[in-house]
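Listed in TrEMBL for this protein:
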DISULFID  C154-C178  disulfide bond
TRANSMEM  21-42  transmembrane segment
TRANSMEM  62-80  transmembrane segment
TRANSMEM  92-114  transmembrane segment
TRANSMEM  211-233  transmembrane segment
Amino acid sequence: MASPSRRLQTKPVITCLKSVLLIYTFIFWITGVILLAVGIWGKVSLENYFSLLNEKATNVPFVLIGTGTVIILLGTFGCFATCRASAWMLKLYAMFLTLIFLVELVAAIVGFVFRHEIKNSFKSNYENALKEYNSTGDYRSEAVDKIQSTLHCCGVTNYRDWKGTNYYSETGFPKSCCKLEGCYPQRDADKVNEEGCFIKVMTTIESEMGVVAGISFGVACFQLIGIFLAYCLSRAITNNQYEIV
């Protein structure tokens with residue numbers, strides 16, 4: 001049995017670790033809310049871009065939404081485990097944090113490795129969307145119109161890309177190519193935006209996905225602190241129980 005003075009020295013350490021871990025868990029819970037919000041924002045604001053990518057790319061917002069939800073649930077569990085000062089629950093909390101960290105790390109590496117494929121896939125799908133464009137409003141045509149009107153661009157590399165399409169041969173330029181709202185460009189190139197959409201879209205995706213990647217990376221690194229704190233508190237509680245016995 002350890003001396004009373006030894007136990008008195010251990011208890012302040014446990015109290016301190018519990019306080020720090022509770023603060024961490026609350027912040028971690030908030031990051032889960034942020035990831036959930038970013039996923040929803042990405043789904044809404046980048047929907048037009050994702051619709052012109054492959055099916056795997058469209059799952060990115062859902063991955064963030066799922067991760068955010070898991071973090072919120074895990075943060076709640078971590079807070080309960082810390083308040084209960086349960087060694088086995090804290091070890092389980094640290095294990096779950098480690099698993100989520102590894103999943104996020106793998107996802108980040110895969111996204112970085114295949115980033116060029118995303119560009120090529122978008123360009124190819126955008127070109128196909130122009131060829132199959134119609135004004136009746138299928139989802140790809142709507143995405144093309146939304147991108148062209150929002151970014152003030154026309155075609156893939158420039159407005160001339162439309163001249164090889166069936167829609168242009170029958171109708172002319174779509175209204176989304178107009179420089180001014182409400183114009184009817186038809187075949188008048190002076191009324192349409194000359195700059196292509198591909199470079200603008202890539203710039204927009206890289207800037208907005210940079211925000212998503214930065215937040216995700218920050219959350220992943222932040223989890224390392226939680227793993228360390230949960231492990232230390234679990235070990236301190238276990239040692240203290242052993243000393244009392």
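Cβ coordinates are placed from backbone N, Cα and C, and glycine is handled just like the others.
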Those disulfide-bonded residues listed as C154, C178, and which of them has the most Cβ atoms within 10 Å of its own Cβ: C154
Surrounding residues of the transmembrane segment (21-42) on its own chain - C-beta under 8 Å, 6+ positions past either end: 60-72, 74-76, 78-79, 82-83, 208, 211-212, 215-216, 218-219, 222-223, 225-226, 229-230, 233
